[in-house]
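Data block below; observations after.
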Ligand code: AOF
Ligand code: ZN
């Protein structure tokens, strides 16, 4: 199962909106087949492993990081493929929370006389697909908020200058995260201020990722911009680059877009006439977005946090001081007591080049 989990992770740049799944087939103590899911629409992990095992799969044990599917999606059911290959025993790390599967895959195997167990390395298997599982269980995507700041928690000078507070190494780390996200979320404020690309640049990924993620298979996460005032126009890079770009707006307006741009229409939030962020996230869930990687300024960061939408805060801290005039990380409704301060627990702490990276979980 450990090997199956290792294999599953090879798919993390390409499987969205599908989950990462790995499979190992064992007979007489030897691995006779291995596979993982590469991309949605392509064969599932079990099918790739069965193809490698061939006729030898008869009487073997299959270790899978997720319950084999039981439904006809873009591909036929893996449970049937395992049964037809004569696999004797199936060990799954966990059940598939997808309502189309949800136990039916294991039941199908059991009914066909296959010896079935599940719950092996379940916690590790959960970590493979935080976004997919959250979407399947709640309808909402998993939201990671990335911020970069100085030691004194400042993100830009009073003039707005912010390029570059954190180091090249941190920016490369950001590229690695972007590459794994279903979507990258930013605001018209950031687009108008910085004209950012918000895409994945293969050349800037870490070398160890490049070796497992060939340039030809590069997938661009969908770029999503909150744009309640229709301020984003075709002149901005983010609308021109390869890949889809979705504008979250409150009223439709056609423009002569060069790129693949479309609108998501939403009600306003009633607070500051921005788009309703909870409804936006529900819409993104419906559109099969598993994970959202948000990069934005203090207003939007504060709005996401106050709406309870941040699952994980990834903070890069550069060892420099910008002083009191500089801009802060979060704009919040003024606090009248320390007990109202949003709190976090530290999930991990790491040095990236000259910077510090802290991954935090909000304690809502
Ligand atoms: C598996 N093995 O490797 C994966 C599974 O549209 P399809 O046919 O690709 O089906 C997608 C669904 O199948 C997906 O939502 C998830 O529930 C399951 N993914 N299942 O047995 C795999 N990728
Ligand atoms: Zn399947």
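Each residue, glycine too, has its Cβ placed from N, Cα and C.
TrEMBL annotations: computationally assigned, not manually curated.
Listed features, source TrEMBL:
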DOMAIN    1-117  domain 'CMP/dCMP-type deaminase'
BINDING   44, 69, 78  Zn(2+) binding site
ACT_SITE  46  active site, proton donor
BINDING   148, 164, 190, 194, 228, 297, 298, 299, 300, 301, 302, 303  NADP(+) binding site
BINDING   162, 178, 201, 295  substrate binding site
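Proximity to ligand 1 at the level of Cβ atoms, with a cut-off under 6 angstroms, picks out 44, 69, 78 from the binding-site residues 44, 69, 78, 295, 300. Less than 6 Å separates the Cβ from ligand 2 in the case of 44, 69, 78, drawn from the binding-site residues 44, 69, 78, 201, 298, 300 in sequence order. Those residues of the chain, other than 44, 69, 78, with a C-beta within 8 angstroms of the mean position of the Zn(2+) site C-beta atoms are 21, 45, 46, 47, 68, 75, 77, 79, 81, 105. Nearest in space to residue 298 (NADP(+) binding site), taking C-alpha to C-alpha distance over the recorded positions 44, 46, 69, 162, 201, is 162. Note: the Cα of residue 300 (NADP(+) binding site) and the Cα of residue 162 (substrate binding site) are spaced 16 Å from each other. In this model, the domain 'CMP/dCMP-type deaminase' (1-117) carries an average pLDDT of 96. Across 148, 164, 190, 194, 228, 297, 298, 299, 300, 301, 302, 303, which the record gives as binding NADP(+), the greatest C-alpha separation is 28 Å. Rounded to the nearest whole angstrom, the C-alpha distance between residue 302 (NADP(+) binding site) and the residue listed as 'active site, proton donor' is 43. Taking only the Cα positions, the spacing between the residue listed as 'active site, proton donor' and residue 228 (NADP(+) binding site) is 45 angstrom.
Under DSSP, residue 78 (Zn(2+) binding site) is assigned to a helix (H, G or I) in the three-state scheme. Note: the Cα of residue 228 (NADP(+) binding site) and the Cα of residue 69 (Zn(2+) binding site) are spaced 40 Å from each other.
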